[in-house]
Amino acid sequence: MQLKGLNDHQIQAVKALEGAVAVIAGAGSGKTRTLTYRIANMIDNNIFPSSILAVTFTNKAAREMKERVVDLIGPQGFAPMISTFHSFCARFLRDEIEHLGDTYTRHYLILDEDDAKQVIRDTVKELNLDPNRYNSNRLKDYFSKVKNGQYDSLEYEEEKVFIKYNEYLKVNNSMDFDDLLNYTLKILKENKAVLDMFQERYKYILVDEFQDTNIIQYELILLLGSKYKNVFIVGDPDQSIYGFRGANYENYTFFLRDFKPQIIVLDQNYRSSMHILTAANNLISNNRNRKTDKLLKSDLGDGPLVIKEVRESDKDEAYFVARAIEILVHGGYQFKDIAVLYRSNAIGRIFEEAFLRYNIPYIIYGGISFFSRKEIKDMLSYIRLALFEHDNISLKRIINTPRRKIGQTTISKLEAYAAIHHISMYEAIDRINIGGQTREALQSFKKIIQVLRDEITQIYDLTQVVDLALQLTGYEEMLRLEGNEGKDRYDNIQELKSIFYNGAVDYKGTNLEKIEQILDDMALKTDLDLEDDKNTVKVATIHQVKGLEFKAVFMVAMEETVFPSDISGSFTEIEEERRVAYVGVTRAKERLILSHAKQRFRYGQTQYNSPSRFIEDMDLEKNKEKRLVVEQEVAPEVVQDDIHVGDSVLHEKYGKGVVVMKNDEITRVAFSIEFGIKLFTTGHQALKKIKSEN
Ligand SMILES: Nc1ncnc2c1ncn2[C@@H]1O[C@H](COP(=O)(O)OP(=O)(O)OP(=O)(O)O)[C@@H](O)[C@H]1O
Ligand SMILES: [Mg+2]
């Protein structure tokens, strides 16, 4: 294989086929690229492709890596197992779960965060505890910490909830995300034969973003890799940002001890121009607790200066960003080249409002995720129940959606009956003693599920699963009666089809086997995996975009109490926040714009925050180009249709407007006060010129 596009150190890492290797290097130095090339090069050197296991942090990263390997060496690149820790474990458990010797079966259900919290809420209620005091968000977080070894004690009542929660999961053949890792580890630890088999299967292991592995994940790597010791890790201690979830930088020390790796350092940054890197270097040099004090350097030239912008209010800031994005786009950027990043989820909302006004296409991560929308979960619950009738959690979701006159009392009775007789709620429908109309309602529900199952096993085209679940269940009819909102929800459900379509291509086996894999994937997915190809601005927390890069990055709400967050007080916490900021800064390739507002509406009141200390840490003293982005309008250029600046136009929804600016790409139209100014791509069908009379 040609190793073009790699420097000497990278080549050294790529060529080290056997033995343990640690690549420790700063942001944008090509760690992920090196790891990807290494997989390709291994296969090129006749290492058996399916003996390679590569773990990454997000599904998106895994998919990109797969595509890259296939680009490099062709279809053989599909064979290695490239996935997240969670997907790997989910798959492992489908085959090996019987070794738990527990009640679990291979058709166990993966509960996402929302489902898990719902179970916690139900449990709190059942135990007659105060739901405010025993808040499900907080408890979920605690339970997670207990499960991944960060906490070892809970207070008395919490412990009771914890025990009951886990019992419920077990009885219902279901697991939360932490269980996936823990049970995998348990099986590998307790079953020599299984461990042997997997050590033989995956002789080569590669791990991206090693700095964010937690102790359980490290133990997995250790177990699987300890026989052949062909473990290749890449990481950057300065980007370790999951300490709050138990990611433990000590893992690196353990890795040195356990694997005695060859250490390769990369010091050339290929992502960012020099002004951005200087800001990043300055920023991180304020952390005292660092493993190295490496500086990033780049050959990409100085590039534009880093911009620092202050606005009166959070709203002004959002509008500043919207205008600046318009201008970048006029200047040749695409929306997808741009990211708006912040420290915590709640900040995103206000940008949404501004972007809607400015017609800026965006996708916001961490809002209501596509996969946690009610209509999506309902559809998936129908499909799951049709496949696995013992799935009580799915059954409870949809037994009365659309309404079938099956009330809460009936559902509780069913649940109790099922629990006492150790059968599923679905089976309980036939056996429980309920009369009259309710009995009929239950029977016709059961009939729906049966028909759905029969149909699913027979269809040829898996995307039909979605139509079947919509039509047979009365769900489509229900949405139709909901008017506009129903239409949106219907459209969301249609999006599911592409997922089933892709799954049908990716997986082998019977319909049922394929669908089960698809459902697993979906349970582990986030929005990041979804709107990939669309030309949209990404609006996200910094945590959500690690490993990614964008031409232009806005870091917004750079204010004390927001970033660093007011819940981080200790020295180590502040240093972790600074690493988060460092990850943000180093996502930018060409432009970095930092902004903050003097006033911000937060927690139901107006706050007055001073600029984040991290701005000062970046030492942007020499920066005089503050207003550059906003003021540098690009002059109107060639015209592609007969609409000109000053013309009146008509739009179906916004009514009459006047063209106020136009260039090759963008036509900007002022409509009535109600709608304001909107952007269109030049030549857009929706704009009709109103012919002037003279
Ligand atoms: N030798 C090289 N020549 C040219 N471009 C390179 C080289 N190595 C990496 N790149 C490019 O530099 C950018 C950063 O690479 P990559 O994402 O692999 O870095 P990283 O170290 O994984 O960053 P992070 O720490 O943010 O995960 C990518 O666009 C990549 O294609
Ligand atoms: Mg990377």
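Here the Cβ of each residue, glycine as well, is placed from N, Cα and C on the backbone.
Since the structure is predicted, the reported quantities are computational estimates derived from the model, not experimental observations.
A C-beta separation below 8 Å, combined with a sequence spacing of at least six in one chain, links Gly30 (ATP binding site) to Leu6, Asn7, Gln10, Leu266, Gln268, Tyr270. Annotated ATP binding site per TrEMBL: Ala25, Gly26, Ala27, Gly28, Ser29, Gly30, Lys31, Thr32, in sequence order.
According to TrEMBL, the domain 'UvrD-like helicase ATP-binding' annotation covers 4-273.
What TrEMBL records for 274-547 is domain 'UvrD-like helicase C-terminal'.
Sorting the binding-site residues Ala25, Ala27 by the number of other Cβ atoms within 10 Å puts Ala25 first. Checked against ligand 2, the binding-site residues Gly26, Ala27, Lys31, Thr32 give Lys31, Thr32 as the ones with a Cβ under 6 Å from it, listed in sequence order. Taking Gly26, Gly28, Gly30 as the candidate binding-site residues, the subset whose CB lies under 6 angstroms from any atom of ligand 1 consists of Gly28, Gly30.
Gly30 (ATP binding site) falls outside any helix or strand according to DSSP and counts as coil. Set side by side, the binding-site residues Ser29, Thr32 differ in how many other CB atoms lie within 10 angstroms of their CB, and the most is found at Ser29. The Cβ neighbour count for Gly28 (ATP binding site), using a 10 Å radius and every protein chain shown, is 26.
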